[in-house]
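Just below is one structure, and these are the notes that go with it.
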Amino acid sequence: METSAAAASAGGFFPSFLLLAFGTLVAAVLGVAHRLGLFYQLMHKVDKTSIRHGGESVAAVLRAHGVRFVFTLVGGHISPLLVACEKLGIRVVDTRHEVTAVFAADAVARLTGTVGVAAVTAGPGLTNTVTAVKNAQVAQSPVLLLGGAASTLLQKRGALQAIDQMSLFRPLCKFCASVRRVRDIVPTLRTAIAAAQSGTPGPVFVELPLDVLYPYFMVEKEMIPTKLPNSLMGRVVVWYLQNCLANLFVGAWEPRPEGPLPLDIPQASPQQVQRCVEILSRAKRPLLVLGSQALLPPTPANKLRAAVETLGVPCFLGGMSRGLLGRNHPLHIRQNRSAALKKADVVVLAGAVCDFRLSYGRVLNRKSSIIIVNRNRDDLLLNSDIFWKPQEAVQGDVGSFMIKLVEGLQGQMWSSDWAEELRKADQQKEQTYRDKALMPVLQHLNPVWVLQQVEETLPDNALLVVDGGDFVATAAYLVQPRGPLRWLDPGAFGTLGVGAGFALGAKLCQPEAEVWCLFGDGAFGYSLIEFDTFVRHKVPVIALVGNDAGWTQISREQVPRLGSDVACSLAYTDYHKAAMGLGAQGLILSRDNKDQVVKVLREGQQLCQDGHAVVVNILIGRTDFRDGSISV
């Protein structure tokens, strides 16, 4: 009986084992078939005669999203998409460095509220963009970076300029994808663009390999051998390559939706808004601090301005919110922010973050009631419970929140004494600036005085791009944006080199504006070559270079603290002549023509209005205006 039972058990085991093995084999075969796209190929066709290419799909999606410009430095990996964009009426603007292309896309994104687009070639082309992409991430700017790549089959096999680009950009971007089939271009780009603009905006990266962008006949020529090998293994390899080729192009030209996907923008709840209304209604000395997020869509700048004016609370404007109220608005307080924050009993941080710009929250009075609004939860609570504590923290869109807050406070009035106190302190501080403008300097021109002349010269339609350290930081105190979205600086990352790219993007998307660039001489070194770009593309901008022959923002603290100016010295370079060599117009200001400063600025303005890119090289000396402002 035992022998019979054992035999029966063994007899049942082997069929079960064979069934399991067969099932495993079938599953493996089906998995391989799925990965090779064999099932999809059964239901869809490959058009082997088509001369269309993936670049056309890229261009179609960009056009459907209202993209007007693509910034680039050309490379063979991305040529099809550039040619396709040009054919669809999207202006392709080529720069002299890839980082400039991304900075230009960043400027377009900030000024238009839509996605800005840059396209660069593989490997070094992409690595050259890293600083600009990180700057866009920190500034929360929706930039789409399109990057070329080696063919899908040649990745990780030593192809030219082939690196792991995805690992490089994942820490920098909200969304990263590598397109592996032509049919995936459209849905991938739609998803990427929606991700860039949803929630907290930021950069996204889409990798487009060579064989996804080029037409079938070109890819076939490179991928499939013309002569069929005799060996079995050789024939298997050819079959595999033919299948890979088919999977790349199967269903490539079937109609697909190309337009924008819905955006996910967080909103404050009615209960949160009501609690904030109650807090602010009890304030005696309220203060509003607006940051860049306040200018994000969907709330237009004019509606936000009307809301701030209706609210009637004194405010400080930072980042992209600079200029929201125009010049000399009675509610806009420009000086002594730390002192004002210490005195306020209720502070609304609307898009402002408690990072180094607000001394990590230490400038806030612990007895004040703090309302903070931000789309990003990390920014919302940054350094809270260390140096400050919010009474109400609202994760939501800042502009929409401000509209609802004002609606809830209709009829609320505050004593004019508080605003008048802040304005008086403002006026006293600005008088000290006027006094410093009259102080002599050892050589050349007083930069404070020069910037005062610039402030008086700027037209109402000026759009300011600022790129530098000491000269630009001084300008931030003295030069006022003429309106909303009329001031472009790098943002919290403090990146040097944004100037040319920002100016390029700004002038193209706002051609009616006069784009004035304020450069430090150190920062100008990054942008000089792009005057070739301005000339070639007929983009007239005017650059004012505060030339004090050094990295003065660093030296003003390094020298007294460490006793050396090592690596801080530059030369009084003839930047205006270098620009002239690139086809731009060049002017110079120094002590020799001090009495003609305004005249020369007007001359540069007229040249710019006549269609020229202009560099005004302003030789300046050094003052104690920013002593103590160590840059770490």
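Cβ atoms here come from the backbone N, Cα and C positions, even for glycine.
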With respect to Swiss-Prot, which of the residues S321, S369, S564 bears the note phosphoserine? S369
Students should find that the Cβ of N547 (Mg(2+) binding site) has, within 10 Å, a number of other Cβ atoms equal to 30
Please report the three-state DSSP label of S369 (phosphoserine). strand
Cβ-Cβ under 8 Å from S369 (phosphoserine), same chain, 6 or more residues apart: which ones? I279, A283, D345, V346, V347, Q391
May I ask for the distance between D521 (Mg(2+) binding site) and E98 (thiamine diphosphate binding site), taken between their Cα atoms and rounded to an integer number of Å? 21
For E98 (thiamine diphosphate binding site), the number of other Cβ atoms found within 10 Å of its own Cβ: 26
To what whole number does the mean pLDDT across the region 'Thiamine pyrophosphate binding' (470-550) round? 97
Could you give me the DSSP helix, strand and coil counts for the region 'Thiamine pyrophosphate binding' (470-550)? 36 helix, 16 strand, 29 coil
If you draw a 10 Å sphere around the Cβ of D521 (Mg(2+) binding site), how many other Cβ atoms fall inside it, taking every protein chain shown into account? 27
